[in-house]
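Participant: What follows is a structure written as structure tokens; I'll ask about it next.
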Amino acid sequence: MSSENQTMENLIRLLGFQMFRDYRISFLLLCCFLYCLIITVNIILSALIYSCPNLHHPMFFFLGHLSICDITLTTGIVPLMLPGILRGIVKISLAACIVQLQIYGTALTSECLLLVMMSFDRYLAICHPLRYTSIMNKHFCLQLVILCWTLGFTVTFSFVILLNRVEFCDTAIDHFICDYLPVLKFSQSDIFSVKLVQLLVSTTVVMFTSISLVVTYSYILTTILKITSISGRKKAFSTCSSHMAVVGTFLGSLFGIYIIPPSGNTLNANKVFSLLYTFGTPLFNPLIYCVRNIEIRGEFKKCLYQ
């Protein structure tokens, strides 16, 4: 086989951008604007959290790493999307496709686990306030964050190793990112074990996240309802309502892509859900926390007027 043919076999064509062909200039400008906005607000939020002593609390520490996840997720996808929107196609190597899958897979999994840690933090703060300071110290919070990132990388890498052993017969993917399911569709080897691992891993991560969040927030809501003063209830509920909104948006998109069984319209639906967690969630997270959190708003105003 010639080196030229071998190179062509190692190229993957992403064709999902053709769904934007009728309004590609408008969509390109929108994507550029949203990407710049996402990077800006997340960097501002992270810098604010790490530079302001009043925000050096476990909840904001986790929130800062959530912003890092959002930046990593969006940056791993959008720069490749932009030329594809104009041309209607992107050609990348199989290795680059695998790298992209590893980057955003790590970010997605880590974000799921960080949301669990944030709910655990709110559970301790509301249900066990006297023990909160002794448990959620800086060392323990750092260990939890390292655990989230390590598990996110390891879980994704284990699937990438299996995917790297698959032989492919075609190089055209009707998607704009190198996601697991579109990549597996053009394999020519037996992928039953790979699909089984993908389903087990995705289901385990999403279900673990969902069950953990349901259990912790059940205890939180039960504790809030026992508070006698109305102002106390409002204050307790306001500390976790923004997190609940973020969780609902993020997990809803993941359920739609990786858990719900395939159907005739699954591919187009997956593209929509992928756009949601590429642009919607990374922009929604910092905005909802900045709007609803009094401490962040206060520190932001101080920085503006200094």
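Glycine residues also receive a Cβ, built from the backbone N, Cα and C atoms like all the rest.
Because TrEMBL annotations are produced automatically, they should be read as predictions rather than curated entries.
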Participant: Which range is it, out of 171-195, 196-220, that shows up in TrEMBL as transmembrane segment?
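Facilitator: Within the set 171-195, 196-220, TrEMBL attaches transmembrane segment to 196-220.
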Participant: Look up transmembrane segment in TrEMBL and report which of 101-120, 241-260 it refers to.
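Facilitator: My reading of TrEMBL: the transmembrane segment range is 241-260.
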Participant: Under an 8 Å Cβ to Cβ limit, what residues of the same chain, 6 or more beyond the ends of the transmembrane segment (62-86), are close to it?
Facilitator: 14, 16-17, 20, 24, 27-28, 31-32, 35, 38-39, 42-43, 45-46, 49-50, 92, 100, 103-104, 106-108, 110-111, 114-115, 117-118, 121, 141, 144-145, 148-149, 176-177, 277-279, 281-282, 285-286, 289
Participant: Average pLDDT across the domain 'G-protein coupled receptors family 1 profile' (41-289)?
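Facilitator: 80, rounded to a whole number.
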Participant: Does the transmembrane segment (272-291) come near the transmembrane segment (140-163), with 3+ Cβ pairs under 8 Å (pairs 6 or more apart)?
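Facilitator: Stretch pair does not touch.
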